[in-house]
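Look at TrEMBL and you will find 305-335 tagged as region 'Disordered'. Taken from TrEMBL, the feature signal peptide applies to 1-18. According to TrEMBL, the feature transmembrane segment maps to 79-99, 120-141, 147-166, 178-202, 214-234, 241-260, 280-300, 343-364, 384-408.
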Amino acid sequence: MWAASCLASCCAACACEACRTAVGSIGRRSARIAYCGLFALSLFASWALREVAAPLLQSIPWINHFHKTPDREWFETDAVLRVSLGNFLFFTILAVIMAGIKDQKDPRDKIHHGGWMAKIFCWAVIVFLMFFVPNGVVSFYESISKFGSGLFLLVQVVLLLDFVHGWNENWVAKDEQFWYMALLVVSVVCYIATFSFSGLLFHWFTPSGHDCGLNMFFIVFTLILVFAFAIVALHPKINGSLLPASVIGLYCTYLCYSGLSSEPRDYECNGLHNHSKAVSTGSLTLGLLTTVLSVVYSAVRAGSSATVLSPPDSPRGTDKPLLPFSKADEQEDKKDVPRPVTYSYSFFHLIFSLASMYSAMLLTGWSTSIGESGKLVDVGWPSVWVRIATQWATAGLFVWSLVAPILFPDREF
């Protein structure tokens, strides 16, 4: 017993030392990856608590204060929202603290890139304290999370537009027959996927024998947008490419599917889930994967003035890599020379705040609401309109990105 106790103590000490060393090795260039890791940790915590925390929450009097104990699903949703609320507050506080940083001599720059043990501890404490807040606060957060999730979807759109236009310009700049053929092949594949997916949408969401005019309108309007993107992109004055139009068309089709699949479970025109569980494993996995990829990409691009995401007063972005390639790059950061920051720290943390809201909506299925009555309230239609409005915003932003250089040739877009 004594030997086992000593062995356990040694293992714990080694683990703590390893964590301290790993956290201490996080440098300026790897800080953004560390924030992505912390966000991924919050997603794992939300998922884990959703699966196992319901019995514990049922025994907490200030949470389960109802005359009749709600279903298990209510407590699963409550656990996810409380973790998300703590994550949201953590990143929002950092966004406020980092507001207005212009150069790396600012003392707050060290807070952004260092102090990881303290930040992880503060994050854990904030998330823990969220389990002591009243249900009404969580209910209010759940309500505003739908709008915050919509904003995050718009950020995804801007990031996608930035990526697609950059992808197209990169291949066109090579000015070789092979890359032009590659552009054509990728565009054709995207259009085939779009029209095939649209056929599935007609099959899933316009079942025969039911009046599904709204679903029919959403799907047909999506196809109209796909054709409109191609027409605008190939207009002689635009002289664009089919690649951005095809990719954005496929993304709009996905948004249409995402919106239709969020319709109430008892809606006769929602034939995908067979009126069963609100969130299928495939939809949840795809949504979380999209969220993680978007957040990781935003860690590289968001907040830099090199992208259209930049706030007006953001610092000039650079094309430096996320991680250093040589020790010389690390030594460069150690020079005692005041240099401007390479991206907006405040806007960077704001992206994570919105992503926290969006991940909560994904894990709870967008279709449950926590009220003081302790009952689940079906609010699927707001989720539908958030996705459809995002699709329309995507269409508007894409068309604007094509016509703006023509309308305002003297401005840089």
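Quick reminder: no glycine exception, Cβ is built from N, Cα and C everywhere.
Heads up, TrEMBL stuff is auto-annotated, nobody curated it.
Of the recorded ranges 120-141, 178-202, 214-234, 343-364, the transmembrane segment (147-166) has the largest number of C-beta contacts under 8 angstroms with 343-364. The transmembrane segment (241-260) makes no contact with the transmembrane segment (79-99): fewer than 3 of their CB pairs lie within 8 A, with pairs spaced 6 or more apart in sequence.
The transmembrane segment (214-234) makes contact with the transmembrane segment (178-202): 3 or more of their CB pairs lie within 8 A, with pairs spaced 6 or more apart in sequence.
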